[in-house]
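**Student:** Let me begin by handing over the structure; questions about it come next.
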């Protein structure tokens, strides 16, 4: 049993805890603690009720020091439940990971992300750390599960899980490059609103993000091309990306255009994705030609879902694809896959 602690109980932290149970991985992963500055009542409420993902199928209760995940519908104090320690500490070095025998910290704060931060968790008693965002270049490894998780080694103690968008697009790039050879590419990320945007116009260091999230399509900076280069150094200076935020609360679409070496038709491209989704990337990549819209991919655990009805090929070598992902739920599920891969690494 892998004992994990979740540091930061925001969108990703709460989804990670839900995914432990909804994916069935609670047989392999035990969450022993959550560190979050918010009050226990709010933590329990937002875990139980979620605007994007609906009501959690497990009943949640709490006291001032614990969250309780009940295995059945019995009243509080009866039936089986899992007890999760609640902590409210802002300094990593004060966290009681040693006393709690924590094997792995899932750091979902979005604040910490360099090797030194990870080592602070380890000094506090954790054995390993997995960050929920790209992190600094000095980490032991950055993993896009399904693409390079087999590069994990036992000595890789401070690891990044990449970003939701790299987890979405990198598996597709891998498939296309192995099948046809990629020369270069561009990506437009069409991303749902995030909590770094404003409900109504208000001050922000990024002037575009001073504007109300629900009223505009808002361009934002992205380092997605750098994330691709980190996984595939061969594509240094070969990809560029832009990103816009749109007034939806969840699910992201990625418009991928690549120039390839091989002369192909639409069916060649789509069949390659289908084959990967049924074999090497099963559970990571999915494929559909149904006439779906963004809400239909909400709570989908795959990293990427290719809409084959939108694949286009120009002059045999320019390929355009539409790739969907639930930027919260898919990423949370990959956090758990990577956590187990870190545990198993030799």
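Cβ coordinates are placed from backbone N, Cα and C, and glycine is handled just like the others.
So Swiss-Prot has the following annotated:
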type: ACT_SITE; residues: 164; note: active site, nucleophile
type: BINDING; residues: 11, 12, 327; note: NAD(+) binding site
type: BINDING; residues: 163, 164, 165, 209, 222, 223, 245; note: substrate binding site
type: SITE; residues: 191; note: site 'Activates thiol group during catalysis'
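Each of the listed features needs to be described in terms of its position in the shown structure.
**Tutor:** The DSSP secondary structure for residue 164 (active site, nucleophile) is helix.
Take the CB of residue 12 (NAD(+) binding site) and look out to 10 A: across all protein chains shown you find 26 other CB atoms.
Under 8 Å, Cβ to Cβ, and six or more positions away along its own chain, residue 245 (substrate binding site) finds 191, 192, 193, 194, 197, 213, 217, 218, 219, 220.
Following the DSSP three-state reduction, the secondary structure of residue 191 (site 'Activates thiol group during catalysis') is strand.
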**Student:** Taking only the Cα atoms, work out how far residue 165 (substrate binding site) lies from residue 12 (NAD(+) binding site), in Å, as a whole number.
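**Tutor:** Here the two Cα atoms are 14 Å apart.
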**Student:** In terms of DSSP three-state secondary structure, what is the assignment for residue 209 (substrate binding site)?
**Tutor:** helix
**Student:** Write out, in the order they occur in the sequence, the residues of the chain not among 11, 12, 327 that have a C-beta within 8 Å of the mean position of the C-beta atoms of the recorded NAD(+) site.
**Tutor:** 10, 15, 132, 164, 328, 331, 332
**Student:** What are the non-local neighbours of residue 222 (substrate binding site), defined as same-chain residues 6+ apart in sequence with CB under 8 A from its CB?
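**Tutor:** Correct list: 165, 189, 241, 242, 243.
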**Student:** Let me spell it out: for each of the binding-site residues (209, 223), count the other Cβ atoms within 10 Å of that residue's Cβ, using every protein chain shown. Which one has the most?
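**Tutor:** In terms of Cβ crowding, the pick is 209.
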**Student:** For residue 164 (active site, nucleophile), which of these binding-site residues sit within 10 Å, Cα to Cα: 209, 223, 327?
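**Tutor:** So the list reads 327.
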**Student:** If you compare CA-to-CA distances from residue 327 (NAD(+) binding site) to each of the binding-site residues 163, 209, 223, which comes out shortest?
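**Tutor:** It is 163, whose Cα lies nearest.
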